[in-house]
Amino acid sequence: MMGKGFLDCESLVALQEMALHPIDLTASGCLSEERIQKNSLSVEGFTYSYATERVDDRCLEALQGLTEERELIKQMECMQQGAIMNRIEGFQSESRPVLHTATRAWVRDQDLHEEAAAIARHSKEEALRLAEFLYIARAKFSTLVQIGIGGSELGPKAMYFAMQGSCPSDKRIFFVSNIDPDNAAEVLREIDLEQTLVVVVSKSGTTLEPAANEELFRQAYQNKGLSIAEHFVAVTSQGSPMDDKSRYLEVFHLWDSIGGRFSATSMVGGVVLGFAFGYEAFIEFLQGAAAIDAHALTPKMRENLPLLSAMLGVWNRNLLGYPTTAVIPYSTGLKYFTAHLQQCGMESNGKSISREGKEISFRTSPIIWGDVGTNCQHSFFQSLHQGTDIVPVEFIGFLHNQRGLDCVLSGSSSSQKLFANLVAQSLALAQGRDNANPNKRFKGNSPSSILVAQQLSPRIAGSLLAFYEHKFAFQGFCWGINSFDQEGVSLGKELATQIIGIMSGNAPVEFPEARGVLRLFNVLT
């Protein structure tokens with residue numbers, strides 16, 4: 001199903017040769033209007049410009065060839081239809097489908113195979129139950145606290161703040177994730193428990209951080225003499241320890257085939273987004289994601305937004321050798337989006353083993369980082385322009401702000417100034433500027449792309465979420481790795497459990513290295 005191995009692809013050989021002399025973005029006339037128009041794509045409310053990437057037509061044709069040799073569209077089709085994509089052949093692995101797309105497939109008319117259709121059907125049933133629940137909960141409660149970790153917090157939190165500016169709401173929303181009790185304490189200080197709905201999210205029902213934070217909140221409710229069962233909601237797998245209606249006001253379900261970092265369109269995101277903005281806004285969010293799911297099956301790379309972005313990322317990572325990628329949204333609403341992308345990209349593709357269980361000899365996920373513009377122009381952009389490492393940048397922007405507040409100063413609005421800065425940074429990174437004073441010299445040739453929509457709405461938020469989900473999936477398919485497990489998370493958790501045993505005096509085995517470290521910090525005597 002994967003075609004040739006990544007390093008065996010003929011297209012890769014051609015790309016390696018092109019990478020020796022990539023297009024010079026600093027050359028006079030390089031960024032002509034013709035190039036800018038030609039190297040752009042408009043789809044599902046977005047316009048994507050990649051004229052400032054170091055690619056030309058020959059390079060793009062070779063990247064298209066690589067997508068065909070690796071059968072990337074076929075792999076995407078298989079994933080959406082419920083094939084076993086989360087696997088390592090010949091070794092113990094999760095061996096399950098990857099069906100986050102099915103959680104929103106029911107909002108459009110899609111022909112799905114059996115397992116995908118079942119998840120879509122169950123997702124619709126859960127959404128309808130959610131609508132009934134929200135009718136009562138939104139009338140009764142003014143505040144919601146979501147307790148979760150990883151994908152149970154990062155994606156929903158990013159999407160909540162993305163939608164907050166365009167969806168009027170009188171609801172207060174808080175997120176508690178860190179096992180550090182100060183995280184829970186600062187939220188407890190801000191809320192009226194009687195007016196608060198607590199949503200606990202854990203697929204297994206046993207995850208350490210949500211369990212500890214749930215206990216802190218349960219103790220707070222007990223101390224106030226309030227009914228826990230009337231204020232707590234669970235989002236978990238069927239049959240998990242949390243799947244217990246006697247302990248919760250309501251229990252919503254998710255499935256093993258939906259990974260945490262891809263779960264924002266399931267009830268993991270549905271309860272908090274629906275409570276905050278209403279059921280209709282949540283459906284609009286799902287519709288945006290579902291539209292990109294369908295679009296991601298477009299065969300031609302230059303007409304397929306997530307595939308094109310994925311392959312430009314492969315070019316920058318594997319052919320030009322850039323180790324990091326910065327994602328810079330010029331929108332306050334996306335202030336937590338890069339943190340979500342760090343998990344979605346690096347937990348998915350930070351792998352060194354192929355799907356055949358073999359060590360790989362090429363680079364996979366870049367380090368993903370970033371912050372909101374224009375703020376970050378006054379922090380790390382100095383390094384992007386004149387540092388020793390070239391960092392590809394993915395700019396995200398909007399032509400109109402969310403809240404409508406603006407002013408005109410010196411002949412332009414704040415929204416215009418914001419967008420002008422986005423464009424200026426992309427051009428400055430690409431073209432650079434020569435100067436006789438070396439301290440004022442900008443080398444240029446730093447690649448970037450620009451993704452723009454009219455305004456950050458619930459539908460656009462859903463589309464943006466799905467765009468990056470599919471971008472990372474396509475890259476994993478190209479590299480031949482399993483983008484859908486996270487074994488790297490487990491070792492530290494196992495050792496932490498042993499160390500907790502030592503600290504509590506109940507260690508089942510000796511762990512001298514840990515004892516030594518604990519004694520150093522006076523945790524053990």
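Here the Cβ of each residue, glycine as well, is placed from N, Cα and C on the backbone.
Per Swiss-Prot, the feature active site, proton donor maps to Glu347; the stated evidence is sequence analysis. Residues or ranges marked as active site in Swiss-Prot: His378, Lys493.
Here the features listed in Swiss-Prot are placed on the structure.
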residue : record                    : Cβ within 10 Å
Glu347  : active site, proton donor : 23
His378  : active site               : 9
Lys493  : active site               : 10
Cα distance (Å, whole number) from Lys493 (active site) to His378 (active site): 37
Integer Å distance between the CA atoms belonging to Glu347 (active site, proton donor) and Lys493 (active site): 15
